[in-house]
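Features reported for this protein in Swiss-Prot:
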- 1-23: signal peptide (SIGNAL)
- CYS37-CYS70: disulfide bond (DISULFID)
- 42-271: domain 'Cupin type-1 1' (DOMAIN)
- SER53: phosphoserine (MOD_RES)
- SER97: phosphoserine (MOD_RES)
- THR116: phosphothreonine (MOD_RES)
- 119-175: region 'Disordered' (REGION)
- 124-172: compositional bias 'Low complexity' (COMPBIAS)
- 230-249: region 'Disordered' (REGION)
- 301-321: region 'Disordered' (REGION)
- 332-481: domain 'Cupin type-1 2' (DOMAIN)
- SER352: phosphoserine (MOD_RES)
- THR445: phosphothreonine (MOD_RES)
- THR487: phosphothreonine (MOD_RES)
Amino acid sequence: MVKVPHLLVATFGVLLVLNGCLARQSLGVPPQLGNACNLDNLDVLQPTETIKSEAGRVEYWDHNNPQIRCAGVSVSRVIIEQGGLYLPTFFSSPKISYVVQGMGISGRVVPGCAETFMDSQPMQGQQQGQPWQGQQGQQGQQGQQGQQGQQGQQGQQGQQGQQGQQGQQQQGFRDMHQKVEHVRHGDIIAITAGSSHWIYNTGDQPLVIICLLDIANYQNQLDRNPRTFRLAGNNPQGGSQQQQQQQQNMLSGFDPQVLAQALKIDVRLAQELQNQQDSRGNIVRVKGPFQVVRPPLRQPYESEQWRHPRGPPQSPQDNGLEETICSMRTHENIDDPARADVYKPNLGRVTSVNSYTLPILQYIRLSATRGILQGNAMVLPKYNMNANEILYCTQGQARIQVVNDNGQNVLDQQVQKGQLVVIPQGFAYVVQSHQNNFEWISFKTNANAMVSTLAGRTSALRALPLEVITNAFQISLEEARRIKFNTLETTLTRARGGQPQLIEEIVEA
């Protein structure tokens, strides 16, 4: 007979197991992904789902894939056609994006921040310097002027005082909104959780943007399913392969009368906001000119020089506003060769952006690396010390090998344009191009991601004493010297053939 204490212990253990399973399901982890980080076999990934709209489409990678699920991210590719507008949307997770192709303008809505972009040109039929008036105010304007002529001097002074106060409170703005910025090929765009953003394609080709949501980020207080919240637009095709019902914007769920009272509009207009019969999707085509208040487009060199002024931290060019969340920069172009962190004329270049170059990344805890590898070149073997890496090929092809913690090769494939590779934290990898160039963008789940190389001048092997190397690998002292000192580069090298370069031939920044 089983004793009562033993039975209680067994029952308690079963309850703990069931509670763990229910908790995992409540976090959005499907039962088949109970061991989501079993990464013994990685693969090159492509989009599995496409959501089409009137003026573009959004392609999604399966976020239930064990590799993507383990990294705690969700990846999508947004294609906006010429004249297309990606309607205001926000997410429960922070988002980092890279503009692969094209140009446009984008805006974000930061709650609590003022509208700092204003168009002060008067409306049609409005005199310069006078506040805007509605239709009723215009109809009664003549009567008010006649009444003013009959008033005494004291009444005129009192009315002028009231008009002056109203003029200070309400100026003749046609429109006023939060910050609008130009975006172009090579831009990194960072968006905080809960901040709505929109994008309009101003170019003559499709605007292509690769996006990453960090759904494991501390800012996401929901489950590990990517959730899209729309201020406008809809998704008539459903949210995913498992969720086929139509998704409406957030205003659709309110009673139209309540919405009309909140916005002080009529019920008919409130129903228009709910887009009940609109099937255009979340990317719509703009008919006619798209007129928003925006600054003129800078020259690329002038823009970078303004963002990164030379001189000490207390430079006179720094006005101190960049530390506020309302005016904090969200864009940084990392495709300019002059911005390269590592540059070798015959091999390629690597550029990183982190919280030091784009402070908002410290808040969302993400960073990015842009790389261009020429033919017959190699990125020396390395691993990420404190981040997962999601590598996306923007051009060309290359061979990528990944080794796990057991020393097993878990990936050895050719990666081509439009494909994705997840490289978990601590997994060593090497990138090798052949005849074709290889270009990529990597998103990393740390604001200041660090790497450690396994070969080269700053590698882990270079830092070890010769005696440690000889005893670890059972080799001679001369062989240990060759292992330590034959590769003089730090990041990029030749992929095949040739003799080791002299230090004088290395050009790295």
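Every residue gets a Cβ built from N, Cα and C, even glycine.
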Helix, strand or coil at SER352 (phosphoserine) [DSSP, three-state]: strand
Candidate nearest CYS37 (disulfide bond) in space, where candidates are the modified residues SER53, SER97, SER352, THR445, THR487 and distance is Cα-Cα: THR445
Inter-residue C-alpha distance, SER97 (phosphoserine) and THR445 (phosphothreonine) (nearest angstrom): 13
Tally of residues which DSSP labels helix, strand or coil - the domain 'Cupin type-1 2' (332-481): 25 helix, 68 strand, 57 coil
Surrounding CB atoms that lie within 10 Å of the CB of THR445 (phosphothreonine), all protein chains: 23
Listed disulfide-bonded residues (CYS37, CYS70), ranked by Cβ neighbours within 10 Å, top entry: CYS70
Fewest-neighbour residue among modified residues, criterion Cβ within 10 Å, set SER53, SER97, THR487: THR487
PLDDT averaged over every residue in the domain 'Cupin type-1 2' (332-481): 96
